[in-house]
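Q: For reference, the structure I am asking about is given below.
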Amino acid sequence: MDEQLISKRTSGINESFVTVEELQIEQQDEPNPHWKGELRDLFKLVLPVTGTTVLEFLPGFVSILLAGNMDVPDTQHYVDAATISIMLLNVTALSLGLGLASALDTLCSQAYGAKQFEKIGIYFQTGVLSLSVALVPMVVVNSFAEPILNALGQHAEVTHLSRDFSRLMLPGLPFLFLYELVRKVMQTQNIVKPLVIIAVIGNIVNFVTGYVLAYHTSLGFNGIAVGRTLGNVTLPLLLVPYFMWKPEQLRQWWCSGWNLKQAMHHIGLFWRIGSSGMVMMSVEVWAFEILSIMAGVLPNSVVALATHSVLMNVNVMLWTVFYGIAVAASIRVGNCLGANQPKKAKMARNLAL
């Protein structure tokens with residue numbers, strides 16, 4: 001019986017993912033888990049995952065804050081330009097890329113629970129290939145921010161300011177996605193504290209460089225976008241010294257180096273799972289950001305958009321708390337399913353709810 005279970009689980013990791021119902025049919029002798037222990041394990045993930053999620057969205061708020069404190073005429077135009085540029089990036093790039101990367105929450109957590117560590121590295125490579133392809137239309141859309149925003153009825157002067165601002169944020173996008181993929185891999189292995197520290201440093205770089213470039217160089221307003229790009233570039237670069245310090249954490253899942261043939265074999269599975277996460281996250285983000293577009297077509301659009309940007313960022317910060325709980329629950333459920341513990345998986349789900 002045990003050999004059959006192992007064979008079933010290994011097959012599931014190689015070709016697909018398993019569900020609670022599939023395991024419950026076969027696994028009848030699992031002891032009943034204790035809710036206190038599972039709640040403790042869940043909270044060990046919830047707090048740092050929520051923290052890193054907040055820190056990932058914080059640069060947008062910082063950009064608007066820096067724009068609002070610039071000593072220039074028509075400051076509100078700059079605030080609005082930063083707001084709608086970030087809105088366009090969130091809607092057409094971040095929500096899609098981060099949602100697609102959520103496939104690793106399922107795939108890697110089950111592989112880790114089943115101790116199929118080499119599969120984690122393969123899934124990571126699949127994520128790199130998938131997000132590289134998805135990155136192309138994201139860059140194209142944000143490169144034409146001005147005509148797109150004009151077509152949506154936004155203020156002409158504001159859309160003109162947003163043109164270069166949007167383009168200057170694009171170079172940091174592949175670095176952010178690479179960091180996000182590694183973050184997913186590490187989270188599914190319950191390695192979370194270093195990610196919080198790295199995210200804090202990335203935000204410090206974003207704020208300091210944005211402040212210096214915007215207020216003390218000729219870049220001015222566009223220096224804020226450059227600062228955000230530098231903050232995103234910092235994130236994956238900081239992983240290099242960390243893995244040099246803890247090489248065993250890299251070797252555990254990066255077992256055989258690049259294997260593009262195997263990685264491409266899992267692209268269909270990655271997109272099947274990731275597309276659901278992409279749609280869910282996109283709808284959630286669009287629900288916030290569509291209000292920015294509506295504010296931008298009101299009679300006094302400059303004031304309305306500036307006011308709305310403050311409220312929107314507060315709402316996003318609150319949303320990240322629930323998003324962090326959901327991601328932590330997904331990781332715990334995946335770990336338990338991979339380890340052939342459906343009862344613990346159901347308890348983790350119920351506790352998260």
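All positions are counted from 1 along the displayed chain.
Heads up, the Cβ atoms here are built off N, Cα and C, so glycines get one too.
Take a look at what TrEMBL says about it:
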| type | residues | note |
| --- | --- | --- |
| TRANSMEM | 45-66 | transmembrane segment |
| TRANSMEM | 86-108 | transmembrane segment |
| TRANSMEM | 120-145 | transmembrane segment |
| TRANSMEM | 165-182 | transmembrane segment |
| TRANSMEM | 194-213 | transmembrane segment |
| TRANSMEM | 225-245 | transmembrane segment |
| TRANSMEM | 269-296 | transmembrane segment |
| TRANSMEM | 316-339 | transmembrane segment |
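Would you situate these features in the structure and describe their surroundings?
A: Tertiary proximity for the transmembrane segment (120-145) is limited to same-chain residues at least six positions away from its ends with a CB under 8 Å from its CB atoms, namely 85, 88-89, 92-93, 96-97, 100-101, 103-104, 107-108, 111-112, 159, 162-163, 165-167, 169-170, 173-174, 177-178, 181-182, 184-185, 188-189, 252-256, 258-260, 262-264, 266-267, 269-271, 274.
Sequence-distant neighbours of the transmembrane segment (165-182) (same chain, 6+ residues past either end, Cβ-Cβ under 8 Å): 56, 81-82, 85, 88-89, 93-94, 97-98, 101, 104, 124, 127-128, 131-132, 135, 138-139, 142-143, 145, 198, 221-222, 224-226, 228-233, 235-237, 239.
With a threshold of 8 Å between CB atoms, the same-chain residues lying at least 6 positions outside the transmembrane segment (194-213) that come near it are 48, 51-52, 55-56, 58-59, 62-63, 66, 179, 183, 186-187, 219, 223-224, 226-228, 230-232, 234-235, 238-239, 242, 246.
For the transmembrane segment (269-296), the residues of the chain that approach it from at least six positions outside its boundaries are 15-17, 80, 83-84, 87, 90-91, 94-96, 98-103, 105-107, 123, 126-127, 130, 152-155, 158, 304-305, 307-309, 312, 315-316, 319, judged by C-beta separation under 8 angstroms.
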Q: When only pairs 6 or more apart in sequence are counted, do the transmembrane segment (86-108) and the transmembrane segment (45-66) reach 3 or more Cβ pairs under 8 Å?
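A: Contact between the transmembrane segment (86-108) and the transmembrane segment (45-66): present.
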Q: Which residues of the same chain, at least 6 past either end of the transmembrane segment (316-339), have a Cβ under 8 Å from a Cβ in it?
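A: Counting only partners 6 or more residues beyond its ends, the transmembrane segment (316-339) has Cβ contacts under 8 Å with 9, 13, 17-20, 23, 38, 41-42, 45-47, 49-51, 53-54, 57, 60-61, 102, 105-116, 187-188, 190, 284, 288, 345, 348-349, 351-352.
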Q: Which residues of the same chain, at least 6 past either end of the transmembrane segment (45-66), have a Cβ under 8 Å from a Cβ in it?
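A: Distal contacts: 79, 82-83, 86, 90, 98, 180, 183, 187, 190, 192-193, 195-196, 199-200, 202-203, 206-207, 210-211, 214, 224-225, 227-228, 231-232, 309-310, 313, 316-317, 320-321, 323-325, 327-328, 331-332.
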